[in-house]
Amino acid sequence: MSLKERKSINECDLKGKKVLIRVDFNVPLDDGNITNDYRIRSALPAVQKVLTEGGSCVLMSHLGRPKGVSMAEGKELRSTGGIPGFEQKATLKPVAKALSELLSRPVTFAPDCLNAADVVSKMSPGDVVLLENVRFYKEEGSKSTEEREAMAKILASYGDVYISDAFGTAHRDSATMTGIPKILGHGAAGYLMEKEISYFAKVLGNPPRPLVAIVGGAKVSDKIQLLDNMLQRIDYLLIGGAMAYTFLKAQGYSIGISMCEESKLEFARSLLKKAEDRKVQVILPIDHVCHTEFKAVDSPLITEDQNIPEGHMALDIGPKTIEKYVQTIGKCKSAIWNGPMGVFEMVPYSKGTFAIAKAMGRGTHEHGLMSIIGGGESAGAAELCGEAARISHVSTGGGASLELLEGKTLPGVTVLDEKE
C-alpha cells in the first residue's frame, strides 16, 4: 500500500453534511497572541472546500501539552461550572478569533470539546465551530484503546464525515486521529494531508535523481533510524549540526570541546562504511565556525580544516563547507533536509543553516529541484530567512515526517480510506 493512495476530500459528498476536520492549530502563542499563523492558513483550503460545497465544519485540534483531566473528572468539574482541563496558555480561543478573521465569517468557539452537542446541533450549512483543545482530556492521547474510544465516540457523534488534515500528529494513535475514523467507518485526507503524503511518497518512492539528504541537529542518536533508512535511497548525504562532530571524531579528527556522543562512534564508523559499500557519497564539514563558549561573539574563530582547536566548540559549518554543500545541492534533482547546520538562533552561527535553505530555494526556483523540508527547526529556519515560499514542500510535521523518513508507517494515515 503506497503512501499516496488515500481517499481525498475531493471524493467526499459534503453537501448538507456536518464535517469533522482534525486540523493542526498547534500555533505559537505569546501572552495569548498568535506569533505565527502558518498552521491556521494551511488548514483554510479544506475548510473552504466544505463551506463551498454546502457543508458545515466542526474543527478539532490540540495546542501544546496541557496536563489534562480524565473524562470522569471533567464531568464532575462541569457540574460545578468549571471548564475541564482548562489551561490559559493552551486554550484555542485566540485561534477561533484569528480563524474568523481569515475566513471572513463567524467562528463559534465551544469551550468544552466533549460538551458541545448543543452547539453542534444548532449548526446550519456554512457554519464553523472550533472545539476547545482536545488534549484538555487525557483520553485523547491515552495508551488505552478503550479510553481513546470512549472520547472518540462523543466526538464522532458531532459529524457525518471525517477529514484528517493534521499531518503533524499523524504519528500518534489518538482519539481524534484514529479513534473517530474507526467509529465512523471512514476517513479522508484534507488538502494539507494529501500534499504531505504525496511529497513523501515521491521522495521515498522514485524521486528524480540524484537525491541528496541534508541531515543536521544535535544528536546522532535522534537520527539513527533516519540515516539507516535513507542510506538505501540517496546518492549524497551532507551532515551538519552537532551530530557531525561524532562522525568527525570517528574518523580521527580532533573536535575540541564540541558536542560528541561517545556511545555512537561505532555507529558512525559503520554508517560511513555502509555508505561506501552502497556508493553513497557522505560529505562532512571541512571547516567550522567556533568559539570557546556557547554564546554569540562578533568574531568567532573559523578553522582552516576539519580539526577543531583545543578549548573550542564548533557552532556552525564554515565557509568552505557551505560552498561544498551548496555545490552538491546544485548537482541534484531532489533534496530532503532535516535538521539545522548550526546554532542558527544566534546570528554568528546562522550562515550554514540559511545557506542550505537558500540553495534549496534557488535550486527549486531556477532548476526545478524537488525540495522537501522535514518540518521542525529546518522549517523554522527556512521561514526565518524568507526561503520557505520557494521550497517545493515544507512539512508541517516534525515528528511525523521524521518517522516516515525512518521507514515507519503513520497510524493517522493508514486509518484513512484507500483511494478507490
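Heads up, the Cβ atoms here are built off N, Cα and C, so glycines get one too.
Residues annotated as (2R)-3-phosphoglycerate binding site in Swiss-Prot: V23, D24, F25, N26, R39, S61, H62, G64, R65, R135, H171, R172, K219. Summarising the annotation, Swiss-Prot assigns ADP binding site to G217, A218, K223, G241, A314, N338, F344, E345, E377, S378. The annotation CDP binding site is assigned in Swiss-Prot to G217, D222, G241, G339, F344 on the grounds of similarity to another entry. Marked as ATP binding site by Swiss-Prot: A218, K223, A242, A314, E345, E377, S378. The AMP binding site feature in Swiss-Prot is assigned to A218, K219, K223, A242, A314, E345. Per Swiss-Prot, Mg(2+) binding site is recorded for A218, D222, E377, and the stated evidence type is similarity to another entry.
Here the CA atom of A242 (ATP binding site) lies 12 Å from the CA atom of D222 (CDP binding site).
Under a cutoff of 8 A between CB atoms, and with a sequence separation of 6+ in the same chain, the neighbours of H62 ((2R)-3-phosphoglycerate binding site) are D24, N26, N133, V134, R135, E140, T169, T176. Between the alpha carbons (Cα) of E345 (ATP binding site) and G339 (CDP binding site) lies a span of roughly 13 Å. Proximity note: of the listed binding-site residues (A314, F344, E377, S378), none has a CA within 10 Å of the CA of K219 ((2R)-3-phosphoglycerate binding site). Most Cβ neighbours within 10 Å among the binding-site residues V23, A218, A242: this distinction goes to V23. Here the Cα atom of K223 (ADP binding site) is found 12 Å from that of G241 (CDP binding site).
When Cβ atoms from all protein chains are considered, those within 10 Å of H171 ((2R)-3-phosphoglycerate binding site) total 23, not counting its own.
Taking Cβ-Cβ distances under 8 Å and a sequence separation of 6 or more, the neighbours of S378 (ATP binding site) in its chain are G216, W337, N338, G339, P340, T353, I356, A357. Considering only the binding-site residues R39, K219, K223, the Cβ with the fewest other Cβ atoms within 10 Å is that of K219.
DSSP assigns S378 (ATP binding site) to a helix in the three-state reduction.
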